[in-house]
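Features of the protein shown, as given by Swiss-Prot:
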{"type": "ACT_SITE", "residues": "His19", "note": "active site, proton acceptor"}
{"type": "BINDING", "residues": "Tyr14, Tyr64, Asn66, Asn112", "note": "tRNA binding site"}
{"type": "SITE", "residues": "Asn9", "note": "site 'Discriminates between blocked and unblocked aminoacyl-tRNA'"}
{"type": "SITE", "residues": "Asp91", "note": "site 'Stabilizes the basic form of H active site to accept a proton'"}
Amino acid sequence: MYVVVGLGNPGKKYEKTRHNVGFDVIDILAKEYNISVTKIKHKALIGEGRVGTEKVLLVKPQTYMNLSGETLIDIYKYYKVDLSNIVVVYDDIDLEVGKIRIRKKGSGGTHNGMKSITKCLGSNDFPRVRVGVSKPEAGQDLADFVLSRFRKEESDNINEALEKAADAIDSIIRENIDMSMNKYNG
């Protein structure tokens, strides 16, 4: 079983913001896999389905970003899934808009959602797909920046990155993470 967690904040006012790219990737996967992500369980919107022979759980935590670990620890304990089969997708200010990066494990850096997850799981030994949202301009508040929407001139690049992130996660599930990293970490 694979658990794919997209990080974001619940509520209309956060839709399509930089901080919610994880939710956007889950929406793409849900459509692609014909999985309805509408059931409320484990402080999250979840949907279960199959990708090939693999059972897949798509997850959009509803706890707000900084408490995302509460959702994931509940799911981890309930489903008894291997850490290597938990894939977290989230925004990264250290990557330019349009870029993605896949890692088998590692720190969450300055990302508060990832800090919450690694703290609650007691490990950072799980795959993650980072979607570039770029850095704020000099003097711009980081919180305001990540809660902002993409500029019109960024829309093609971010849409391409979201599709690429969904394809990379599909590759992780259908093939393996090493193949996905070779294919998408360019």
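Placed from the backbone N, Cα and C atoms, the Cβ positions cover glycine too.
When the alpha carbons of Asn66 (tRNA binding site) and Asp91 (site 'Stabilizes the basic form of H active site to accept a proton') are compared, the span between them is 13 angstrom. Counting only same-chain residues at least 6 apart in sequence, those with a Cβ under 8 Å from the Cβ of Tyr64 (tRNA binding site) are Asn9, Pro10. Taking the centre of the Cβ atoms of Tyr14, Tyr64, Asn66, Asn112 as the tRNA site, the nearby residues of that chain (Cβ within 8 Å, site residues left out) are Asn9, His19, Thr63, Met65, Leu67, Ser68, Gly113. Straight-line distance linking the Cα atoms of Asn112 (tRNA binding site) and the residue listed as 'active site, proton acceptor', rounded to a whole number, equals 11 Å.
One residue stands out among the binding-site residues Asn66, Asn112 for having the most other Cβ atoms within 10 Å of its Cβ: Asn112. Other Cβ atoms within 10 Å of the Cβ of the residue listed as 'active site, proton acceptor' number 23 in total over all chains. The two recorded residues His19 (active site, proton acceptor) and Asp91 (site 'Stabilizes the basic form of H active site to accept a proton') have their Cα atoms spaced 6 Å from each other. For the recorded site, Tyr64 (tRNA binding site), the DSSP three-state label reads coil. Following the DSSP three-state reduction, the secondary structure of Asn9 (site 'Discriminates between blocked and unblocked aminoacyl-tRNA') is coil. Cα to Cα, Asp91 (site 'Stabilizes the basic form of H active site to accept a proton') and Tyr14 (tRNA binding site) are separated by 13 Å. Every protein chain considered, the tally of other Cβ atoms within 10 Å of the Cβ of Asp91 (site 'Stabilizes the basic form of H active site to accept a proton') stands at 23.
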